[in-house]
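Working notes, structure below.
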Amino acid sequence: MSSKLVLVLNCGSSSLKFAIIDPANGDEYLSGLAECFHLPEARIKWKLDGAKQEAALGAGAAHSEALNFMVKTILAQKPELSAQIAAIGHRIVHGGEKLTHSVVIDESVIQGIKDASSFAPLHNPAHLIGIDEALKNFPHLSDKNVAVFDTAFHQTMPEESYLYALPYKLYKEHGVRRYGAHGTSHYYVTQEAAKALNKPVSELNIITCHLGNGGSVAAIRHGECVDTSMGLTPLEGLVMGTRSGDLDPAIIFFLHDTLGMNVGAINNMLTKESGLLGLTEVTSDCRYVEDNYDSKADAKRAMDVYCHRLAKYIGSYSAQMDGRLDAVIFTGGIGENSSMVRELTLNKLALLGIEVDAERNLAARFGKSGFINKEGTRPVLVLPTNEELVIAQDASRLTA
């Protein structure tokens with residue numbers, strides 16, 4: 001075991017993911033998830049030394065109770081592990097325009113995360129709680145906390161990609177522009193794709209698709225992001241689990257003026273009641289959609305809209321590749337595991353010279369990476385992401 005392990009924290013609005021990782025080799029010594037915060041069934045699950053355990057946190061518990069449990073109960077089982085933690089890495093969804101790369105956390109960074117909270121109101125306030133609790137529980141690491149931003153990798157986008165066609169003063173005065181998300185994942189699979197394709201990252205032209213409950217596509221030219229599907233917030237772009245993705249902005253006026261919905265209700269609908277959930281009227285789970293595609297109209301409808309939107313983005317981003325597209329990459333929970341999403345999407349992209357090999361496509365699931373295209377056709381690659389490792393490596397590098 002290395003003496004320089006990193007505790008990685010990912011605080012969501014109602015959950016906390018945590019892991020202790022060796023940044024040198026990626027070995028994971030502890031991983032866990034606390035969820036259902038503020039509810040009677042708040043609970044925590046973890047895996048330590050290969051053994052899975054679970055406990056109730058108590059009704060109404062949240063980030064504070066979860067981190068306290070991790071330190072005083074889980075790590076108490078293995079004090080030598082706690083002693084090896086040399087840094088803490090925090091996943092931060094939105095860094096705005098000021099926080100453009102991973103950075104050691106100080107008061108100015110905390111203020112920057114607060115300033116960007118209006119662009120990620122569900123996530124950034126939760127991240128700030130996580131930082132505060134980490135500082136309380138690990139006072140000896142007060143100068144070893146590092147923020148890693150989901151928006152950072154997309155900061156190489158040119159102006160024509162990140163500006164909206166709105167009055168320019170909205171950007172100049174209020175930072176209204178496209179920022180993207182899932183940048184840590186897009187960055188990781190870009191590095192891995194370079195290895196798989198045996199190319200230097202700086203020569204790589206790829207389109208990366210991070211598909212999970214949230215989803216985004218990125219255009220990577222010469223190893224740098226030049227466009228991505230999420231915008232000012234993670235609501236823009238693809239069809240997602242419960243998020244609408246792209247829509248005509250005038251739909252909002254229709255919902256308000258004609259149907260009498262208030263702004264809060266519209267926001268709730270677009271973020272929590274749309275996407276696969278809205279299209280099926282049953283669930284946000286892609287597995288339901290895949291399992292029932294041939295037998296239920298709601299599942300077919302949702303899958304077809306999902307794949308149509310995804311194919312449109314891949315097709316449009318091919319125009320940004322300077323005439324050479326090296327590969328299309330799939331990652332994230334759906335991207336790594338749904339052979340159906342990949343096949344139905346890629347079948348729409350014959351113009352790009354893409355042909356799916358059915359056998360390879362079925363094989364590249366459940367943590368297995370691999371090429372899924374037919375030999376001699378445009379490379380398409382499934383790569384499991386590892387955002388936690390990137391966060392651990394950045395935290396280790398910046399606090400060394």
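Glycine is no exception: its Cβ is also placed from the backbone N, Cα and C atoms.
Here's what Swiss-Prot has on this protein:
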BINDING   ASN10, GLU387  Mg(2+) binding site
BINDING   LYS17, HIS210, LEU211, GLY212, ASN213, GLY214, ASP285, CYS286, ARG287, GLY333, ILE334, GLY335, GLU336, ASN337  ATP binding site
BINDING   ARG91  substrate binding site
ACT_SITE  ASP150  active site, proton donor/acceptor
SITE      HIS182  site 'Transition state stabilizer'
SITE      ARG243  site 'Transition state stabilizer'
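The two recorded residues, ILE334 (ATP binding site) and HIS182 (site 'Transition state stabilizer'), show a Cα separation of 14 Å. Pairwise Cα distances among LYS17, HIS210, LEU211, GLY212, ASN213, GLY214, ASP285, CYS286, ARG287, GLY333, ILE334, GLY335, GLU336, ASN337, which the record gives as the binders of ATP, peak at 22 Å. Summarising the environment of LYS17 (ATP binding site), the number of other Cβ atoms within 10 Å of its Cβ, over all protein chains shown, is 17. Ranking the binding-site residues ASN10, LEU211, ASN213, GLU336 by the distance of their Cα atoms from the Cα of ASP150 (active site, proton donor/acceptor) places ASN10 first. Among the recorded positions LEU211, ARG243, ARG287, GLU336, GLU387, the residue whose Cα lies closest in space to that of ARG91 (substrate binding site) is GLU387. HIS182 (site 'Transition state stabilizer') sits 10 Å from LEU211 (ATP binding site), taking the Cα positions as reference. For ASP150 (active site, proton donor/acceptor), other Cβ atoms within 10 Å of its Cβ number 26. Taking every protein chain shown into account, ASN10, ASN213 are the binding-site residues, and of these the Cβ with the most other Cβ atoms within 10 Å belongs to ASN10. Rounded to a whole value, the Cα-Cα separation of ARG243 (site 'Transition state stabilizer') and GLU387 (Mg(2+) binding site) is 22 Å.
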